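Written out below as structure tokens is the structure these notes cover.
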Amino acid sequence: SFSIFILVSGSANQTDHGENAAGGLIMTLGIVILVTAIFGFIAALRESKRKLIIYVPILVMLILTQLVMTSMASHGTRDGLSGSIRQGFEELWSSEIQAPGALAHYEDWLHCCGVNNTDDYRRIQHEIPKTCCHKRDCSQMENLYQDGCMAKFEEYLSDKTLAFSIVNCLLIIVEVISAVLGWLMISKLKNEFRRTNARWL
């Protein structure tokens, strides 16, 4: 559901912020987890030792993959992406100076004004655009968005990353429990097999 949320919000905003790729990756991981869960359920239901021996290592690999993805999402947003975001908005602002309207989409979408705040437009002696105002009504000062678009976009990205990390951590907990239960069932089936063989000796 989180991957669908990312894909839908990305298409609704009509701008690619890397969300389509991220959403596709998360959706693919979700499908793999679902298929693995079904496979594990069938293996447990049939008490198939062979299937369980396949199931547990797959779960372990999934857990490791998700741990890496959670770490990358967390550190990437905090360390790497902030520089890219700053550079991107600096380029947008250069375009805004040459041809007003470059920031209009972000101002409408994120309810922000300028890169840092409304002072950005005042510094370059440009009239504050209607996209900086609630419902594009700039007749009253309280309608003016005070936050800059760069800070609002970083906040938006941080919120999505946090949601992804929470969902991922919950899935990891469920998978760890499933892996332990799978391993216990393998041990149980091995013991039953040994007891059965011992009776025949």
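Note that Cβ sites are derived from N, Cα and C of the backbone, with glycine treated the same way.
Record features, source TrEMBL:
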TRANSMEM  21-45  transmembrane segment
TRANSMEM  52-73  transmembrane segment
DISULFID  CYS112-CYS149  disulfide bond
DISULFID  CYS113-CYS133  disulfide bond
TRANSMEM  162-186  transmembrane segment
Collapsed DSSP category at CYS113 (disulfide bond): coil
Residue among the disulfide-bonded residues CYS112, CYS133 whose Cβ has the most other Cβ atoms within 10 Å: CYS112
Distal contacts, the transmembrane segment (162-186) - CB-CB under 8 A, six or more residues away: 2, 26, 33, 37, 40, 43-44, 47, 49, 52-53, 55-56, 59-60, 62-63, 66-67, 69-70, 73-74
Cα separation, CYS133 (disulfide bond) to CYS112 (disulfide bond) (Å, whole number): 8
Neighbouring C-beta atoms (10 Å sphere around the C-beta of CYS113 (disulfide bond)): 26
Reduced DSSP assignment, CYS133 (disulfide bond): strand
Alpha-carbon distance [CYS149 (disulfide bond); CYS133 (disulfide bond)] in Å: 13
CYS149 (disulfide bond) CB neighbourhood, other CB atoms within 10 A: 26
Coarse DSSP state, helix versus strand versus coil, of CYS149 (disulfide bond): helix
